[in-house]
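Look at TrEMBL and you will find 1-21 tagged as region 'Disordered'. The annotation compositional bias 'Low complexity' is assigned in TrEMBL to 9-21. Sequence annotations record features per position, and here TrEMBL assigns transmembrane segment to 84-105, 147-170. According to TrEMBL, the active site annotation covers ASP137, ASP155.
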Amino acid sequence: MQVNKAMESPLPQSATASPSSSRRSYIPFIAVMAGGVIDLLTKEWAQTVLQPYQPPIAILPWLSVRLGYNEGVSFSLLSFDDPAAKTALLIATALLTLFFATWMVRAKGSERLALAAVLAGAIPNVIDRARDGRVTDFLDLHIGDRSFFIFNLADVWISIGALLLLSTLLPSLRAKRVTP
């Protein structure tokens with residue numbers, strides 16, 4: 001079937017999309033902002049209410065709150081005392097966050113939502129690190145007295161986003177591998 005060129009809209013497809021699909025396209029951006037604000041507010045709460053190096057306060061048998069700071073990357077890896085190294089880490093994480101933001105703008109569907117979750121955590125962690133030179137952590141996952149790690153809501157958003165992204169990308173990667 002041939003399409004009459006005169007009937008095609010000169011506007012980009014996004015400009016001719018239905019209002020409901022247009023509203024849906026903003027959902028990932030709203031999720032990024034909401035997740036970021038919630039994370040920053042809970043970090044502020046933790047710094048106001050909790051004292052560093054104090055015993056944890058139990059919320060659930062396996063989850064407590066206690067104030068901690070992460071000067072490195074995940075799980076305090078690559079912690080640096082050198083200000084130049086801290087600056088380099090901040091720049092590297094900001095660039096990685098910019099990469100994910102660019103990817104999210106170009107992505108569609110569930111891939112875009114997964115990247116929004118990653119960014120909802122990455123952006124406030126970059127803000128936290130830029131402001132204090134470290135990231136505030138306050139959620140303590142443990143079994144009995146054995147603590148596994150202390151984290152924040154941004155880490156939860158990043159983990160959820162990474163799992164969603166893997167579940168979105170793996171099927172297409174498998175299909176490419178099978179196809180000769």
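A Cβ is built for glycine as well, from the same backbone N, Cα and C atoms used for every other residue.
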Spatial neighbours of the transmembrane segment (84-105) far in sequence, C-beta under 8 Å, 6+ residues away: 28, 32, 71-73, 78, 112, 115-116, 118-119, 122-123, 125-126, 129-130, 133
Inter-residue C-alpha distance, ASP155 (active site) and ASP137 (active site) (nearest angstrom): 9
Reduced DSSP assignment, ASP155 (active site): helix
Cβ neighbours within the same chain of ASP137 (active site) - under 8 Å, at least six residues apart: LEU67, GLY68, TYR69, ASN70, ILE150, PHE151, ASN152, ASP155
Per DSSP, three-state class assigned to ASP137 (active site): strand
For ASP155 (active site), the number of other Cβ atoms found within 10 Å of its own Cβ: 20
